[in-house]
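Colleague: Can you keep this structure in mind? I'll have questions shortly.
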Amino acid sequence: MVNEEMESSLKVIDVARVTPSNSDSSESLTLPLTFFDLLWYKLHAVERVIFYKLTDASRPFFDSVIVPNLKTSLSSSLSHYLPLAGKLVWEPLDPKPKIVYTPNDAVSFTVAESNADFSRLTGKEPFPTTELYPLVPELHVSDDSASAVSFQVTLFPNQGFCISVNAHHAVLDGKTTTNFLKSWARTCKNQDSFLPQDLIPVYDRTVIKDPMDLDTKILNAWHRVAKVFTGGKEPENPKSLKLLWSPEIGPDVFRYTLNLTREDIQKLRERLKKESSSSSVSSSPKELRLSTFVIVYSYALTCLIKARGGDPSRPVGYGFAVDCRSLMVPPVPSSYFGNCVSACFKMSLTAETFMSEEGFLAAARMVSDSVEALDENVALKIPEILEGFTTLSPGTQVLSVAGSTRFGVYGLDFGWGRPEKVVVVSIDQGEAISFAESRDGSGGVELGFSLKKHEMDVLVDLLHKGLEN
């Protein structure tokens, strides 16, 4: 994934093992995967890079202050989140994988130095996404075991540093990941191990009810999905924990971040109201749900489909993750550890719908209806979602969302201020758009895109022109 030229911009100083602190870490812990975890167990890991601007970041300061503080606080935080130091395994006689932590298990913590241009990686102009890859630590995954998470901290001398997280999606969802990062940041900044109740993880798996045997249905669906990737052949090892094949990303794939202000979003809201009232298309019986998510996602996916261009009859689809904690009956605690995320997908669409004059409005109607239809039954549809990918037409453009404006990633202060930029690197592995709250806390939305250069040029133009009109 990382070529020699990129590797030369990075010097690895140390690769350490960080173990959880305190006496609790002397106890073993086993957590079975739930059906929510199994939805994600073959998908690519989630890679985040959090940049901090710090012109005082000399190598001596990095070595003597930043790295020791991060390692000590990481060890302390892991004592509350023991499964992160453990491994994902699938024993021969077990019906499904489980997370196992045993004393002396540890996370990998890489310390590195980069001569890359910090301001370019955190700036507003598009740049090759492969420039981010040296900053992301490897995550060990083999047939019989997988690490839960790995970390890397990289110095950009006299510019700043970044903290990178590579997280296995079967172990934790975005909510759990950001809860852990908030715990780590708080511990590092305050130099104490106290955590408020909302950051203390809940490990009780009985809060996830499975009366429909979704576990088995999801594993069977994954078996059929795997056969699509092997040309119809039976997988050699049905219990392999190796992730699905991911595409090789070349130097022609570019990364771009768009900041939509609250005013931009309001402008798009008014445009949808106006288009809806004067639309030639028969109105939906339901009123449009013009939430920030509906507006922003509809706008982004419309621009992405237009940027791809091509045959208007080509197949497209869209989807987004759904946090089910509050949808479940009874509700699942907000600090539940693991995955409590399903997904909503709408397939069998054509590009023509979005490329037309009223494409933005058509997208908003569909996304609005998708959001309005969400209830506790969204979890029951997981096997159906996976089955849908076995019959997908080749070349279908399927757009999705990574992250959320609710995670509060720009509040991750480890003691050196707010992040300069937070990047979800793993959107390269699928046509995903990353979502985060705006850095300035003004109610805007930050979107991340990853596209081939020629499409990115068109996309940037479409995104900005749409806001001008």
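Note: Cβ is positioned from N, Cα and C throughout, glycine not excepted.
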Colleague: Which range is it, out of 58-62, 348-352, 413-417, that shows up in Swiss-Prot as motif 'DFGWG motif'?
Modeller: 413-417
Colleague: Need the matching range: Swiss-Prot marks motif 'HXXXD motif' on one of 169-173, 184-188, 219-223, and I'd like to know which.
Modeller: 169-173
Colleague: What is the number of residues in the motif 'DFGWG motif' (413-417) that are helix, strand and coil, as DSSP sees it?
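Modeller: Going through the motif 'DFGWG motif' (413-417) residue by residue, I get 0 helix, 0 strand, 5 coil.
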Colleague: Counting only residues 6+ away from its ends, which parts of the chain sit with a Cβ under 8 Å from the motif 'HXXXD motif' (169-173)?
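Modeller: Distal contacts: 33, 36-38, 40-41, 43-46, 83-84, 88, 97, 99, 146, 148-149, 180, 321, 323, 337-341.
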Colleague: In the same chain, who gets a Cβ under 8 Å from the motif 'DFGWG motif' (413-417) while lying at least 6 residues past its ends?
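Modeller: Beyond its ends, the motif 'DFGWG motif' (413-417) has Cβ neighbours at 52-54, 66, 69-70, 73, 163, 184-185, 188-189.
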Colleague: If I take the alpha carbons of D413 (active site, proton acceptor) and T292 (malonyl-CoA binding site), what is the distance between them in whole Å?
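Modeller: It is 26 Å, counting Cα to Cα.
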Colleague: Return the count of C-beta atoms lying within 10 angstroms of the C-beta of H169 (active site, proton acceptor), excluding that atom itself.
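Modeller: I count 21 other Cβ atoms within 10 Å of it.
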Colleague: Just to verify a number: CA distance, H169 (active site, proton acceptor) to T292 (malonyl-CoA binding site), in angstrom, no decimals.
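Modeller: Roughly 26 Å, rounded to the nearest whole number.
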Colleague: What is the number of other Cβ atoms found within 10 Å of the Cβ of S291 (malonyl-CoA binding site)?
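Modeller: Within a 10 Å radius of the Cβ of S291 (malonyl-CoA binding site) lie 14 other Cβ atoms.
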Colleague: Which residue counts does DSSP give the motif 'HXXXD motif' (169-173) for helix, strand and coil?
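Modeller: Secondary-structure composition of the motif 'HXXXD motif' (169-173): 0 helix, 0 strand, 5 coil.
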